[in-house]
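Participant: Can you keep this structure in mind? I'll have questions shortly.
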Amino acid sequence: MNILVLNGPNLDRLGKRQPEIYGRTTLADVEKLLVKRADALGVTVIVKQSNYEGELIDWVHEAADAGWPVIINPGGLTHTSVSLRDALAEIHDGAGFVEVHISNIHAREEFRHHSFLSPIARGVIAGLGVMGYELALEYLVLNSHS
């Protein structure tokens, strides 16, 4: 089983950008953590990051065509991107996706409280730090329809 893990804008800056909110763990650290956990669960993760909405959408389309579930931390696109939601709707109808946020978006600025993606996600994990990625991975493996 393959699971696509997508990280949106600015997540390449993990460990450097606002460490008081996001911690000091880098995206490379997150990828190592996920690969190790995936190996233990007997699955494969493909971890990608882009600062460009269109590239994320292209990757979602590829996952939809392959029938892969997705873990996505959309970053700021959470609150703005109808296009990303429309792409993920196809995953929603298939293998499903889990929305992950390192920080608790509901405890932050008002504009961060709304997610265009949450209503169609299998689940949302927010505020548990990078552990949220691991929890999403475990959920998708345990609840796979394949």
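Each Cβ is built from the backbone N, Cα and C atoms, and glycine gets one as well.
This is the feature table in Swiss-Prot:
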ACT_SITE  TYR22  active site, proton acceptor
ACT_SITE  HIS101  active site, proton donor
BINDING   ASN73, HIS79, ASP86, ILE102, SER103, ARG112  substrate binding site
SITE      ARG17  site 'Transition state stabilizer'
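What's the neighbourhood like for each of these?
Facilitator: In sequence order, ASN73, THR78, VAL124, ILE125, ALA126, GLY127, GLY132 make up the list of same-chain residues 6 or more apart from HIS101 (active site, proton donor) whose Cβ falls under 8 Å from its Cβ.
Here the Cβ of ILE102 (substrate binding site) has 23 other Cβ atoms within 10 Å, regardless of which shown protein chain they belong to. DSSP gives ILE102 (substrate binding site) a coil state; it is part of no helix or strand.
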Participant: Give me the count of other Cβ atoms within 10 A of the Cβ belonging to ASP86 (substrate binding site).
Facilitator: 13
Participant: Within a 10 Å radius of its Cβ, which of these binding-site residues (ASN73, SER103) has the fewest neighbouring Cβ atoms?
Facilitator: SER103
